[in-house]
Amino acid sequence: MLDLRYITENTEDLKKVLELRGFKEIGIIDELKSIIQRKREFQKEADILREERNKASKEVGKIKQSGGDITKISASVKLVGEKIKEIESKLEQEENALLNINLGLPNILDPKVPPGKSEHDNIVQYEVGKIPTFQFVPKTHFEIGEALHWIDFEKGVKLSGARAYTYWKDGARLERALMNFMLDVHTKEHDYTEVWVPSMVNDESMMATGQYPKFKDEFYRIDKDELNLIPTAEVPLTNLYRDEIIPEDQLPISVTAHTSCFRREAGSYGKDTRGLVRVHQFQKVELVKFCKPEDSEEEHKKMLSHAENILKKLELPYRVIILCSGDISANSSITYDIEVWMPGLNRYMEISSVSNFRDFQARRGKIRYKSKDGKNQLVHTINGSGLALGRTYAAILENFQNEDGTLRIPEVLKSYF
(Lines of atoms letter the chains of each structure in order from A and count residues from 1; the text may use other names and numbers.)
(Lines give C-alpha, C1' and ligand atoms only; values in the text may rest on other atoms or scores of the structure.)
Protein backbone atom coordinates (compact mmCIF):
# COMPACT_ATOMS: atom_id res chain seq x y z
CA MET A 1 0.00 0.00 0.00
CA LEU A 2 1.60 3.21 -1.21
CA ASP A 3 1.39 6.89 -0.35
CA LEU A 4 -1.19 8.52 -2.64
CA ARG A 5 0.92 11.65 -3.01
CA TYR A 6 3.84 9.53 -4.18
CA ILE A 7 1.60 7.82 -6.74
CA THR A 8 0.37 11.11 -8.24
CA GLU A 9 3.72 12.93 -8.14
CA ASN A 10 5.99 10.05 -9.24
CA THR A 11 3.84 8.17 -11.75
CA GLU A 12 6.59 7.36 -14.25
CA ASP A 13 9.06 6.30 -11.54
CA LEU A 14 6.40 4.02 -10.08
CA LYS A 15 5.74 2.45 -13.48
CA LYS A 16 9.47 1.72 -13.84
CA VAL A 17 9.49 0.04 -10.42
CA LEU A 18 6.52 -2.11 -11.40
CA GLU A 19 8.22 -3.09 -14.66
CA LEU A 20 11.38 -4.08 -12.77
CA ARG A 21 9.27 -6.25 -10.48
CA GLY A 22 7.59 -7.95 -13.43
CA PHE A 23 4.23 -6.40 -12.54
CA LYS A 24 2.07 -6.88 -15.63
CA GLU A 25 -0.83 -4.45 -15.04
CA ILE A 26 1.14 -1.20 -15.43
CA GLY A 27 -1.91 0.61 -16.81
CA ILE A 28 -3.58 0.31 -13.43
CA ILE A 29 -1.49 3.28 -12.25
CA ASP A 30 -3.22 5.60 -14.71
CA GLU A 31 -6.56 4.21 -13.57
CA LEU A 32 -5.51 4.85 -9.98
CA LYS A 33 -4.62 8.46 -10.77
CA SER A 34 -8.05 8.94 -12.37
CA ILE A 35 -9.76 7.54 -9.27
CA ILE A 36 -7.73 9.86 -7.04
CA GLN A 37 -8.73 12.84 -9.20
CA ARG A 38 -12.44 11.88 -9.18
CA LYS A 39 -12.28 11.35 -5.43
CA ARG A 40 -10.86 14.86 -4.95
CA GLU A 41 -13.56 16.37 -7.17
CA PHE A 42 -16.35 14.56 -5.30
CA GLN A 43 -14.81 15.60 -1.98
CA LYS A 44 -14.66 19.23 -3.10
CA GLU A 45 -18.25 19.14 -4.33
CA ALA A 46 -19.43 17.54 -1.08
CA ASP A 47 -17.62 20.20 0.99
CA ILE A 48 -19.26 23.01 -1.01
CA LEU A 49 -22.71 21.47 -0.56
CA ARG A 50 -22.16 20.95 3.19
CA GLU A 51 -21.22 24.61 3.52
CA GLU A 52 -24.33 25.57 1.53
CA ARG A 53 -26.49 23.36 3.77
CA ASN A 54 -24.99 24.83 6.94
CA LYS A 55 -25.72 28.38 5.78
CA ALA A 56 -29.27 27.43 4.81
CA SER A 57 -29.83 25.70 8.15
CA LYS A 58 -28.75 28.84 10.00
CA GLU A 59 -31.13 30.85 7.83
CA VAL A 60 -33.96 28.46 8.79
CA GLY A 61 -33.28 29.24 12.43
CA LYS A 62 -33.39 32.96 11.84
CA ILE A 63 -36.68 32.74 9.89
CA LYS A 64 -38.20 30.60 12.63
CA GLN A 65 -37.28 33.17 15.26
CA SER A 66 -38.88 35.93 13.21
CA GLY A 67 -42.03 33.85 12.66
CA GLY A 68 -41.56 33.60 8.90
CA ASP A 69 -42.41 30.77 6.52
CA ILE A 70 -39.61 28.15 6.29
CA THR A 71 -41.34 25.81 3.81
CA LYS A 72 -39.36 26.87 0.76
CA ILE A 73 -35.93 27.01 2.40
CA SER A 74 -36.53 23.73 4.26
CA ALA A 75 -37.24 22.03 0.94
CA SER A 76 -34.00 23.51 -0.38
CA VAL A 77 -32.05 22.17 2.64
CA LYS A 78 -33.59 18.74 2.10
CA LEU A 79 -32.64 18.77 -1.58
CA VAL A 80 -29.04 19.71 -0.76
CA GLY A 81 -28.94 16.90 1.81
CA GLU A 82 -30.04 14.40 -0.83
CA LYS A 83 -27.33 15.65 -3.19
CA ILE A 84 -24.74 15.24 -0.42
CA LYS A 85 -25.85 11.65 0.20
CA GLU A 86 -25.59 10.91 -3.51
CA ILE A 87 -22.07 12.35 -3.71
CA GLU A 88 -21.00 10.58 -0.51
CA SER A 89 -22.14 7.31 -2.06
CA LYS A 90 -20.02 8.00 -5.15
CA LEU A 91 -17.13 9.05 -2.91
CA GLU A 92 -17.35 5.78 -0.99
CA GLN A 93 -17.29 3.80 -4.25
CA GLU A 94 -14.16 5.64 -5.38
CA GLU A 95 -12.49 5.14 -1.99
CA ASN A 96 -13.20 1.39 -2.11
CA ALA A 97 -11.87 1.15 -5.66
CA LEU A 98 -8.80 3.12 -4.63
CA LEU A 99 -8.16 0.89 -1.63
CA ASN A 100 -8.61 -2.34 -3.60
CA ILE A 101 -6.05 -1.28 -6.21
CA ASN A 102 -3.60 0.16 -3.69
CA LEU A 103 -3.69 -3.01 -1.57
CA GLY A 104 -2.51 -4.97 -4.61
CA LEU A 105 0.46 -2.74 -5.41
CA PRO A 106 3.98 -3.84 -4.41
CA ASN A 107 6.41 -1.75 -2.39
CA ILE A 108 8.80 0.83 -3.81
CA LEU A 109 12.25 -0.66 -4.42
CA ASP A 110 15.36 0.58 -2.65
CA PRO A 111 17.87 2.00 -5.20
CA LYS A 112 20.37 -0.67 -4.11
CA VAL A 113 18.13 -3.51 -5.36
CA PRO A 114 19.69 -4.92 -8.56
CA PRO A 115 17.49 -5.42 -11.65
CA GLY A 116 16.70 -9.00 -12.56
CA LYS A 117 13.96 -11.45 -13.45
CA SER A 118 14.55 -14.42 -11.15
CA GLU A 119 16.66 -15.91 -8.36
CA HIS A 120 19.42 -16.44 -10.92
CA ASP A 121 19.93 -12.67 -11.02
CA ASN A 122 20.47 -12.29 -7.26
CA ILE A 123 23.94 -11.03 -6.36
CA VAL A 124 26.25 -12.59 -3.77
CA GLN A 125 27.50 -9.95 -1.33
CA TYR A 126 29.99 -12.04 0.64
CA GLU A 127 30.74 -15.54 1.96
CA VAL A 128 31.54 -16.46 5.56
CA GLY A 129 33.16 -19.64 6.88
CA LYS A 130 35.03 -22.46 5.21
CA ILE A 131 33.07 -25.04 3.24
CA PRO A 132 33.91 -28.41 4.84
CA THR A 133 35.66 -31.16 2.91
CA PHE A 134 34.95 -34.83 3.54
CA GLN A 135 36.97 -37.99 2.94
CA PHE A 136 33.69 -39.64 2.02
CA VAL A 137 30.58 -38.77 0.04
CA PRO A 138 28.47 -36.67 2.44
CA LYS A 139 24.92 -37.80 3.02
CA THR A 140 21.80 -35.65 2.93
CA HIS A 141 20.16 -34.57 6.17
CA PHE A 142 17.16 -36.83 5.56
CA GLU A 143 19.44 -39.85 5.09
CA ILE A 144 21.33 -39.02 8.29
CA GLY A 145 18.18 -38.27 10.28
CA GLU A 146 16.52 -41.52 9.28
CA ALA A 147 19.67 -43.58 9.96
CA LEU A 148 19.96 -42.10 13.47
CA HIS A 149 16.21 -42.63 14.02
CA TRP A 150 15.96 -38.92 14.77
CA ILE A 151 13.53 -38.15 11.94
CA ASP A 152 10.61 -40.31 10.84
CA PHE A 153 9.03 -39.07 7.64
CA GLU A 154 6.70 -42.06 7.23
CA LYS A 155 4.94 -41.38 10.51
CA GLY A 156 4.66 -37.70 9.59
CA VAL A 157 2.99 -38.63 6.31
CA LYS A 158 0.68 -41.04 8.13
CA LEU A 159 -0.43 -38.23 10.44
CA SER A 160 -0.60 -35.28 8.06
CA GLY A 161 0.14 -36.30 4.49
CA ALA A 162 2.97 -35.12 2.25
CA ARG A 163 5.72 -32.78 3.50
CA ALA A 164 5.31 -33.80 7.15
CA TYR A 165 7.72 -35.40 9.63
CA THR A 166 8.26 -36.32 13.28
CA TYR A 167 11.35 -35.89 15.47
CA TRP A 168 12.43 -38.55 17.95
CA LYS A 169 14.83 -38.88 20.91
CA ASP A 170 17.93 -36.67 20.53
CA GLY A 171 16.45 -35.46 17.24
CA ALA A 172 13.58 -33.84 19.14
CA ARG A 173 16.06 -32.55 21.72
CA LEU A 174 18.15 -30.90 18.99
CA GLU A 175 15.13 -28.94 17.74
CA ARG A 176 14.37 -27.75 21.27
CA ALA A 177 18.03 -26.89 21.84
CA LEU A 178 18.09 -24.75 18.70
CA MET A 179 14.97 -22.87 19.78
CA ASN A 180 16.36 -22.07 23.23
CA PHE A 181 19.81 -21.21 21.88
CA MET A 182 18.46 -18.76 19.29
CA LEU A 183 16.10 -17.05 21.73
CA ASP A 184 18.84 -16.77 24.34
CA VAL A 185 21.24 -15.12 21.89
CA HIS A 186 18.65 -12.68 20.56
CA THR A 187 17.32 -11.67 23.98
CA LYS A 188 20.59 -11.64 25.94
CA GLU A 189 23.05 -10.44 23.31
CA HIS A 190 20.97 -8.61 20.70
CA ASP A 191 18.49 -6.92 23.07
CA TYR A 192 15.22 -8.28 21.66
CA THR A 193 12.16 -8.71 23.87
CA GLU A 194 10.70 -12.21 23.68
CA VAL A 195 6.96 -12.41 23.02
CA TRP A 196 4.68 -15.46 22.97
CA VAL A 197 2.07 -14.94 20.25
CA PRO A 198 -0.99 -16.81 18.89
CA SER A 199 -0.63 -19.21 15.97
CA MET A 200 -3.97 -18.04 14.56
CA VAL A 201 -4.66 -14.46 13.50
CA ASN A 202 -7.58 -12.53 12.00
CA ASP A 203 -7.83 -11.21 8.44
CA GLU A 204 -6.94 -7.68 9.54
CA SER A 205 -3.56 -8.94 10.72
CA MET A 206 -2.85 -10.74 7.44
CA MET A 207 -3.91 -7.61 5.56
CA ALA A 208 -1.61 -5.31 7.54
CA THR A 209 1.55 -7.30 6.88
CA GLY A 210 0.71 -7.79 3.20
CA GLN A 211 -0.20 -11.48 2.97
CA TYR A 212 -3.81 -10.58 2.13
CA PRO A 213 -5.51 -10.03 -0.22
CA LYS A 214 -3.02 -10.88 -3.00
CA PHE A 215 -1.52 -14.11 -1.60
CA LYS A 216 -4.60 -15.51 0.14
CA ASP A 217 -4.40 -18.91 -1.58
CA GLU A 218 -0.92 -19.58 -0.21
CA PHE A 219 -2.00 -19.91 3.43
CA TYR A 220 -4.21 -22.07 5.63
CA ARG A 221 -7.50 -20.51 6.67
CA ILE A 222 -10.20 -21.62 9.10
CA ASP A 223 -13.25 -20.17 7.35
CA LYS A 224 -15.76 -21.00 10.08
CA ASP A 225 -13.88 -18.90 12.63
CA GLU A 226 -12.45 -16.36 10.16
CA LEU A 227 -8.94 -17.09 11.41
CA ASN A 228 -5.69 -17.91 9.64
CA LEU A 229 -2.78 -20.13 10.64
CA ILE A 230 0.28 -17.90 10.66
CA PRO A 231 2.80 -18.35 7.82
CA THR A 232 5.42 -16.61 9.96
CA ALA A 233 5.61 -14.88 13.35
CA GLU A 234 6.15 -11.67 11.37
CA VAL A 235 2.35 -11.43 11.18
CA PRO A 236 1.43 -11.46 14.89
CA LEU A 237 4.60 -9.61 15.97
CA THR A 238 4.07 -6.74 13.53
CA ASN A 239 0.37 -6.53 14.38
CA LEU A 240 1.11 -6.09 18.08
CA TYR A 241 1.20 -2.36 17.29
CA ARG A 242 -1.50 -2.21 14.60
CA ASP A 243 -3.75 0.87 15.02
CA GLU A 244 -1.44 2.21 17.72
CA ILE A 245 0.65 5.34 18.19
CA ILE A 246 4.03 4.63 19.80
CA PRO A 247 5.83 7.35 21.80
CA GLU A 248 9.02 8.34 19.97
CA ASP A 249 11.24 7.64 22.97
CA GLN A 250 10.20 3.95 22.87
CA LEU A 251 11.73 3.46 19.41
CA PRO A 252 13.35 1.35 18.18
CA ILE A 253 11.32 -1.62 19.42
CA SER A 254 12.85 -5.06 18.83
CA VAL A 255 10.77 -8.20 19.44
CA THR A 256 11.32 -11.90 18.82
CA ALA A 257 9.15 -15.00 18.99
CA HIS A 258 9.37 -18.72 18.40
CA THR A 259 6.32 -20.15 16.62
CA SER A 260 5.12 -22.88 14.37
CA CYS A 261 4.64 -21.62 10.81
CA PHE A 262 2.14 -23.02 8.31
CA ARG A 263 2.37 -22.78 4.53
CA ARG A 264 0.54 -24.57 1.75
CA GLU A 265 3.60 -24.50 -0.56
CA ALA A 266 1.09 -24.52 -3.41
CA GLY A 267 3.58 -23.27 -6.00
CA SER A 268 6.39 -25.66 -5.10
CA TYR A 269 5.15 -28.93 -6.56
CA GLY A 270 8.11 -31.21 -7.24
CA LYS A 271 10.61 -29.01 -5.37
CA ASP A 272 12.51 -30.42 -2.37
CA THR A 273 9.93 -33.17 -1.87
CA ARG A 274 12.21 -35.00 0.58
CA GLY A 275 13.63 -33.70 3.83
CA LEU A 276 13.10 -30.58 5.94
CA VAL A 277 13.67 -27.90 3.31
CA ARG A 278 10.08 -27.34 2.15
CA VAL A 279 7.34 -28.53 4.50
CA HIS A 280 3.83 -27.45 5.47
CA GLN A 281 4.61 -26.87 9.16
CA PHE A 282 7.94 -25.77 10.60
CA GLN A 283 9.38 -23.91 13.57
CA LYS A 284 11.03 -20.52 13.29
CA VAL A 285 12.48 -17.81 15.50
CA GLU A 286 11.42 -14.47 14.04
CA LEU A 287 12.86 -10.97 14.52
CA VAL A 288 10.82 -7.76 14.04
CA LYS A 289 11.80 -4.13 14.54
CA PHE A 290 9.81 -0.88 14.62
CA CYS A 291 11.86 2.28 14.14
CA LYS A 292 11.91 5.85 12.87
CA PRO A 293 12.34 6.23 9.09
CA GLU A 294 15.79 7.76 9.40
CA ASP A 295 17.00 4.75 11.41
CA SER A 296 15.62 1.90 9.31
CA GLU A 297 18.65 1.34 7.09
CA GLU A 298 20.96 1.00 10.10
CA GLU A 299 18.46 -1.20 11.97
CA HIS A 300 18.17 -3.40 8.88
CA LYS A 301 21.95 -3.92 8.88
CA LYS A 302 21.86 -4.74 12.59
CA MET A 303 19.18 -7.37 12.13
CA LEU A 304 21.14 -8.98 9.31
CA SER A 305 24.18 -9.20 11.59
CA HIS A 306 22.00 -10.73 14.34
CA ALA A 307 20.81 -13.52 12.04
CA GLU A 308 24.37 -14.07 10.81
CA ASN A 309 25.63 -14.30 14.38
CA ILE A 310 23.57 -17.44 14.98
CA LEU A 311 25.28 -19.17 12.04
CA LYS A 312 28.70 -17.97 13.15
CA LYS A 313 28.16 -19.40 16.63
CA LEU A 314 26.99 -22.69 15.11
CA GLU A 315 30.08 -22.68 12.84
CA LEU A 316 27.99 -23.14 9.71
CA PRO A 317 29.37 -21.72 6.42
CA TYR A 318 27.04 -19.32 4.64
CA ARG A 319 26.76 -16.51 2.15
CA VAL A 320 24.66 -13.35 1.96
CA ILE A 321 22.91 -12.34 -1.26
CA ILE A 322 20.83 -9.32 -2.21
CA LEU A 323 17.58 -10.20 -3.96
CA CYS A 324 16.97 -8.73 -7.40
CA SER A 325 13.84 -6.84 -8.45
CA GLY A 326 12.24 -9.95 -9.93
CA ASP A 327 12.77 -12.19 -6.90
CA ILE A 328 12.13 -9.86 -3.96
CA SER A 329 8.76 -10.16 -2.20
CA ALA A 330 6.04 -7.68 -3.12
CA ASN A 331 6.02 -6.23 0.40
CA SER A 332 9.75 -5.62 0.78
CA SER A 333 11.76 -2.59 -0.31
CA ILE A 334 15.10 -4.41 0.03
CA THR A 335 15.92 -7.97 1.13
CA TYR A 336 19.10 -9.83 1.99
CA ASP A 337 18.93 -13.63 2.03
CA ILE A 338 21.31 -15.73 4.08
CA GLU A 339 22.08 -19.09 2.47
CA VAL A 340 23.76 -21.90 4.40
CA TRP A 341 25.99 -24.49 2.73
CA MET A 342 24.50 -27.99 2.52
CA PRO A 343 27.22 -30.61 1.76
CA GLY A 344 24.76 -33.47 1.22
CA LEU A 345 22.60 -31.47 -1.17
CA ASN A 346 25.80 -29.90 -2.60
CA ARG A 347 24.32 -26.41 -2.76
CA TYR A 348 23.50 -23.34 -0.75
CA MET A 349 20.04 -23.18 0.79
CA GLU A 350 18.11 -20.14 2.04
CA ILE A 351 17.93 -20.11 5.82
CA SER A 352 16.90 -16.50 6.48
CA SER A 353 15.44 -13.48 4.72
CA VAL A 354 15.99 -10.07 6.30
CA SER A 355 13.79 -7.34 4.82
CA ASN A 356 13.20 -3.62 5.24
CA PHE A 357 9.56 -2.77 4.45
CA ARG A 358 9.98 0.99 5.02
CA ASP A 359 6.44 2.36 5.73
CA PHE A 360 4.64 -0.21 3.52
CA GLN A 361 3.26 -2.37 6.36
CA ALA A 362 2.90 0.56 8.75
CA ARG A 363 0.59 2.34 6.30
CA ARG A 364 -1.58 -0.77 5.91
CA GLY A 365 -1.67 -1.39 9.66
CA LYS A 366 -1.75 2.27 10.79
CA ILE A 367 1.34 1.80 12.96
CA ARG A 368 2.55 5.27 13.88
CA TYR A 369 4.73 7.08 16.36
CA LYS A 370 4.25 10.50 17.93
CA SER A 371 7.31 12.66 17.32
CA LYS A 372 8.56 15.17 19.87
CA ASP A 373 6.83 17.98 17.98
CA GLY A 374 3.50 16.17 18.45
CA LYS A 375 3.05 14.91 14.89
CA ASN A 376 1.96 11.34 14.15
CA GLN A 377 4.19 9.64 11.59
CA LEU A 378 4.42 6.13 10.14
CA VAL A 379 7.13 3.89 11.57
CA HIS A 380 9.34 1.67 9.44
CA THR A 381 9.14 -2.09 9.98
CA ILE A 382 11.95 -4.61 9.51
CA ASN A 383 11.76 -8.35 9.85
CA GLY A 384 13.94 -11.41 9.47
CA SER A 385 14.28 -15.08 10.30
CA GLY A 386 16.59 -15.66 13.18
CA LEU A 387 16.55 -18.55 12.06
CA ALA A 388 14.30 -21.20 10.48
CA LEU A 389 14.79 -24.17 12.83
CA GLY A 390 14.17 -27.02 10.39
CA ARG A 391 16.68 -25.74 7.87
CA THR A 392 19.24 -25.02 10.60
CA TYR A 393 18.67 -28.55 11.88
CA ALA A 394 19.25 -29.92 8.36
CA ALA A 395 22.42 -27.85 7.96
CA ILE A 396 23.85 -29.18 11.23
CA LEU A 397 23.20 -32.78 10.20
CA GLU A 398 24.93 -32.31 6.86
CA ASN A 399 27.89 -30.20 8.04
CA PHE A 400 28.65 -32.11 11.27
CA GLN A 401 28.31 -35.69 10.00
CA ASN A 402 31.00 -38.33 10.51
CA GLU A 403 31.90 -41.14 8.13
CA ASP A 404 30.67 -43.79 10.60
CA GLY A 405 27.19 -42.27 10.59
CA THR A 406 27.53 -40.49 13.94
CA LEU A 407 27.05 -36.78 14.41
CA ARG A 408 29.02 -34.07 16.19
CA ILE A 409 27.01 -31.47 18.08
CA PRO A 410 28.07 -27.80 17.71
CA GLU A 411 29.86 -26.58 20.85
CA VAL A 412 27.32 -23.84 21.57
CA LEU A 413 24.49 -26.38 21.74
CA LYS A 414 26.09 -28.89 24.11
CA SER A 415 24.90 -27.08 27.23
CA TYR A 416 21.30 -27.45 25.99
CA PHE A 417 21.49 -31.26 25.80
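Cβ atoms are placed via backbone N, Cα and C, with glycine included.
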* To do: Determine which of V279, V288 appears in Swiss-Prot for the same ATP site as R263, R264, E265, E350, I351, S352, S353.
  => V279
* Structure fact -> Of S160, S371, S385, the one that Swiss-Prot places in the same L-serine site as T232, A233, E234, E286 is S385
* Restricting the comparison to the binding-site residues T232, A233, E234, E286, S385, which residue's C-alpha is spatially nearest the C-alpha of S353 (ATP binding site)? -> S385
* Just counting, how many other CB atoms are there within 10 A of the CB of E286 (L-serine binding site)? -> 28
* Lowest local Cβ density among A233, V279, I351, which the record lists as binding-site residues, within 10 Å -> V279
* To do: Run through the Cβ atoms and count how many others sit within 10 Å of the one on E265 (ATP binding site).
  => 14
* Structure fact -> Spacing of the two Cα atoms, R264 (ATP binding site) and S385 (L-serine binding site), in whole angstrom, works out to 19
